[in-house]
Amino acid sequence: MADGQDVQTLKMKGKWQVAKEKKKAFSNLIVSFAVARKHDNELDRRRSSTLRLEPPQSDSRKATSFVRARTSGVNRLLRSNPSSVGSYSTALNGHSSNGSRSSTRSRGKSKSAPSSKSKSKSENFETAHSEPVDENAVQPPPSPTKSISSSTSSPPVSAEVDEDGFPPYMEQKWTHVVLKMTAFSEEDAVTSFRFDTNGGGIGRSADNAASIPADKLLAAKDHARVLYSGGRFYLANGDNASDTFVRLSPVGNGDEDDAEDRMQWPLEPHVSFRVGKSDFMVTAFHEPSQTLEVSALSGKLAGTQFTIGREGAGIGRSADNKIHTGDGELSRKHAAIWFDELTNQFYLVDLNSTNGTFMKLVGSYQEPYRLEIGDDLLVAQTCLTVNRFDFGAHADMGARKHMEDAHTIIQDLCIESLSRLGLHPQSYFAVYDGHGGEEASSFLGDVLHHNIIESFFMKKTELKPLLNKSAEELQSMITKRLTEAFERTDEEFLNESERPQAGSTATTVFVAGKHMFVSNVGDSRTVLSRNGKAERLSNDHKPSRSDEAQRIRDTGGFVIHGRIMGELAVSRAFGDAPFKTFDLPEPPLENVDSKPRSDYDSQELPVNPNDILKGPLVIPTPEITITELTDDCEFVMLASDGLYDVLKDQEAVDFMRQKIVQLGDVQRAVEAIIEYAIFHQRSTDNVTCVVVMFKESKDLK
């Protein structure tokens, strides 16, 4: 991106104020990504539970995980599958699943009882390259030490409708799942692992499906296993001595409205969990006195025994918590042990902590645990996320003094209306190239995808007519709502930011079902590799483009030296307030003697921009292309102009394909192309690149 200064040629309108409350709301939903944390201690590095990918970007998992919390914990265990109840006969290491006390208790007629059969609307569509499957046809679960695939073929979508005339939700059959490291070092040659319906093990040796030799605490073979049953993937612990954890979804701070969310993870004897650097185990539950005995197994509190009564207990850094310690990975109020009187049960909840709370798959949770897109796993000291697509993402500041780029990766947006229309699942990827500061790109990383989700919120009266629309009409509806989301986001930034003169491009990929909607604003670019041939899916917005130059002239502006008003090098962007809103410090005087315009020098011509400009010179309206995902689609590459200024589309695709095949890892390939652009092609700009894989690396020829 060419330099974007705080342009002074035109005056901004008014004083911009920050909408404090809204900004705070966004911050509660977003986790910022940063450079991989470096620890002196290798074990501490691998304990990192937060996705650390350069540069700062947004993570929607906190936004969607509040929904997923209703169907996590005991509801994800294999025994909780309605079609599998009673059919589970063997457990890990020969222990019967009935050997541990039931993880749930009857609540009688309580409305807040967690039900194993209840599923959130979003859950049914968190799928990975999925196809419909009849939930009632799910096969009995396999032995957790052996992965077997369901032989049931997927039936056609049901023609039945509910009482409102809508088609029912269809459970989705997964065909693969990708586990990707969230923190890695140079020793990790491969950072992501794809499992098909054969499942596979996770361990240090090369004969595991996920071989991670750098993690010295992993067992050599099958420290944990990924299993496949009934169209879904499950995670099973290798044995009770192995550390295999699942991260809890965050819940509220104790309001009665979220009681059901807080009841996903019951605490019973022999249950073990990790908070910060400390492991805890429940040693006893005294039902008459309604107290829970918890022992610290590791960390600064190792050996300490805690007795927790009906009032519960907080866990965190603050001394206000019953269980507190100076652990740098703890939040002030990190987690809580909560008691529910109706079930006479203690539960573990995460209070929206930064580094997460993890439940070990032992005791009541020893059975295979169903995976959903966006789940965070901790296997020994390696953190993994569950993904629909494999991807690589990297950024480098280059020769610039500041990093102004951002990017967003969201594997499942959980948009109910589109799922009802059969356009599921939905994924989102974006690269934002800021100029004149990081404010605009950072804002987009925090806000744009939320506005896209909100743009598809529909009432039933709006949704029902769409059920009979053609594919072309639905695509038109999607492009219209995407455009509205882009323009709304720009308006919010201009009105809420303290520096609305900062600007940013955006190139985004919105995958809905089998179609990819590429929305572009500015000169960042999206390129598809189709059987090795580069196919540009976006058009650069530069003032030198004839149609863009004509629009600028029609508005009353001009282009000089390839820049708008001689200043800005992109014709469409978010922010850039001086090119969108104009005002004079005082109204022009009327009926005052003045010399004719012909007597003025061009440099001193008293021109009110409102007299000559018919609208904004720079607009945030995206150009959108639609591409069907077919078998010849290999990967899609989103990047800032720092990459495409020094590499042609085909050169970038050729380099990326070569590195993916050579290295066997898309993350390492993305890092390689950015290094090549900066150190060999002499790119002087920030360089950001995101590559999303539609095929396995071994299938690229």
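Residue numbers in this text run from 1 along the chain shown.
Note that Cβ sites are derived from N, Cα and C of the backbone, with glycine treated the same way.
Keep in mind the model is a prediction, meaning the values are calculated, not measured.
Residues annotated as compositional bias 'Basic and acidic residues' in TrEMBL: 37-47 (among others).
According to TrEMBL, the feature compositional bias 'Polar residues' maps to 72-92.
Sequence annotations record features per position, and here TrEMBL assigns compositional bias 'Low complexity' to 93-103 (among others).
According to TrEMBL, the feature compositional bias 'Basic and acidic residues' maps to 120-132 (among others).
For 145-158 (among others), the entry in TrEMBL reads compositional bias 'Low complexity'.
For the compositional bias 'Basic and acidic residues' (532-550), same-chain residues at least 6 beyond its ends with a Cβ under 8 Å from one of its own Cβ atoms are 505, 507, 516, 518, 520-526, 559, 562-564, 568-573, 623, 625, 627, 634, 636, 641, 648-650, 652-654, 657, 700-701. Look at TrEMBL and you will find 532-550 (among others) tagged as compositional bias 'Basic and acidic residues'.
Taking DSSP states H, G and I as helix and E and B as strand, the domain 'FHA' (306-359) has 0 helix, 24 strand, 30 coil. Annotation source TrEMBL lists domain 'FHA' at 306-359.
Residues belonging to the domain 'PPM-type phosphatase' (390-694) score a mean pLDDT of 91 in the model. The domain 'PPM-type phosphatase' feature in TrEMBL is assigned to 390-694.
Residues or ranges marked as region 'Disordered' by TrEMBL: 37-166 (among others).
The region 'Disordered' feature in TrEMBL is assigned to 530-550 (among others).
Per TrEMBL, the feature region 'Disordered' maps to 585-606 (among others).
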